[in-house]
Amino acid sequence: MAALLPSTGAAHAALLGVGAHRPSRVVPNSEIVDAIDSSDEWIQQRSGIKERRFAEDHETVQMMSVAASRAALERAGIEAAQIDCVVVATVSHLLQTPAIAPAIASELGTDHAAAFDISAACAGFCHGVALGSDLVRAGSATHVLVIGVERLSDITDSHDRGTAFIFADGAGAAVVGPSDTPGIGPVVWGSDGEQYDLIRQREDWRDVVGTPEAPGSGLMPHLSMQGNQVFRWAAFEMGKIAQEALDRAGLSIDDLDVFVPHQANMRIIDAMARSMKLPSHVRIARDIAESGNTSAASVPMALERMIAEGEARSGDTALLVAFGAGLAYAAQVVVVP
Ligand SMILES: CC(C)(COP(=O)(O)OP(=O)(O)OC[C@H]1O[C@@H](n2cnc3c(N)ncnc32)[C@H](O)[C@@H]1OP(=O)(O)O)[C@@H](O)C(=O)NCCC(=O)NCCS
C-alpha cells in the first residue's frame, strides 16, 4: 500500500501582530449602579472596574472582529490573502449556525481561508493561539488569524447584581505565523466539568421558546455566574496553571517581562500575582479598569494595550493565562511581536 505524504510545517510559530477594537461607547459605573442598587465605590473595590465599553448597534461581532483583525494584519505586515485559517473565539455570536468566522474571513479578503468558531468562553483566545501554533507547525496553515470577540452587553442582564458591572464588549486579534525561533510556548490547558454550572447561559433555547402548551419566557437567556465560587477557583488554581506554563516553556519567573491574565477581576489578577510570587519587574496587564471583562477578547485587548502604551516591548516574554465558563482554562508563554 502506498504511504501518505506527511504534512510538514514551520519549525516554530510566533505571534506576528496584535490588534484590537474598543467599542466607541464608554460606560462609567455611574450608568450601571441604579439598576443593581450598587455604587461606583463598591464596583471599584470588588472588581477594579472604573468603566467599560458597550458596542453601538453598528459595532457587531463581525464589524469589531474585522477592525481588530485589520490592525493585527497591518502590524504583522501580512495581507489578508496570506491568511489560511481564521479561528474566532466567542460566546456572543448569536446565530447557532453558521459560525461567524467565514463571514469575517470573506470581509477581510482572505482567499477562501478555512474559518470556524470555537467556544471556550474567556479561555477561547488562548485556546485559539494554541491551535494556531500547532496548525502552523504541522503545516495545515502558514498564517492563522486568531480572534477573540464579544458583545456581552447583548447577553448580560442589566439588573443582575453579580454580572451587570463585570461584562463588556470588544475584540482582539493576533496573526500566528512561522518563525525562526520559538515564539509560542507549549499550552497548558484543561477543563473542570464538575463546575459546569458556575458560569452559564441561564436557560436552554428550547426553554426560552417553550411549547404551545407551556410557552417559555421568550426573553434573551442571559449569563449567570456564581461569582464567589468562580473567584475562589480562579484565585487558587490559575496561579498553578500559569506556573506550569512557565515550567513547560523552560523559563523561570525571573525570565518573565509581562503577565497578561484574563481580565476577569482586578482582585483575581492580584491574587494570582501574589500566589505566583511575581517579581516586581514583571509588568501586569490591568486593562479591566477601563474595559471590564470582555471574555474571549480580554487577553488580546489587554496585550494590545500594553504594546500600544510601551509596557510590552517587541521580544519581551509574556505569560498569557485565561479561564472561564466550562470551566475551561489555557495558558502559554509568548514572545511579544
Ligand atoms: C462578582 C464578585 C465581584 C462579587 O464579589 P463578592 O465579594 O464575591 O460579593 P458577594 O457576592 O460575596 O457579596 C458580598 C456583599 O456585597 C453585596 N453585593 C453583591 N453584589 C453587589 C453589587 N453589585 N453591588 C453592591 N453590593 C453587592 C452582597 O449583597 C453582599 O452583601 P452582604 O455582605 O451584606 O451579604 C466576585 O465574586 C467576582 O469577581 N467573582 C469572579 C468573577 C469573574 O471572574 N467572572 C468571570 C470569570 S470568566
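Keep in mind that glycine also has a Cβ here, set from the backbone N, Cα and C atoms.
Note: TrEMBL annotation is automatic and uncurated.
These numbers come from a predicted model, not from an experiment.
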Region 'ACP-binding' per TrEMBL - which of 133-137, 148-152, 183-187, 263-267: 263-267
Counting only residues at least 6 beyond its ends, the same-chain positions whose CB falls under 8 A of a CB in the region 'ACP-binding' (263-267) are 46-49, 122, 166, 230-231, 234-235, 285-289, 291-294, 298-299, 301-302, 323-324
Return the residues near N293 (active site) by Cβ distance under 8 Å, restricted to its own chain and a separation of at least 6 in sequence. I49, C122, L152, I166, F167, A168, H262, Q263, A264, N265
Across all the protein chains here, work out how many other Cβ atoms are within 10 Å of the Cβ of C122 (active site). 31
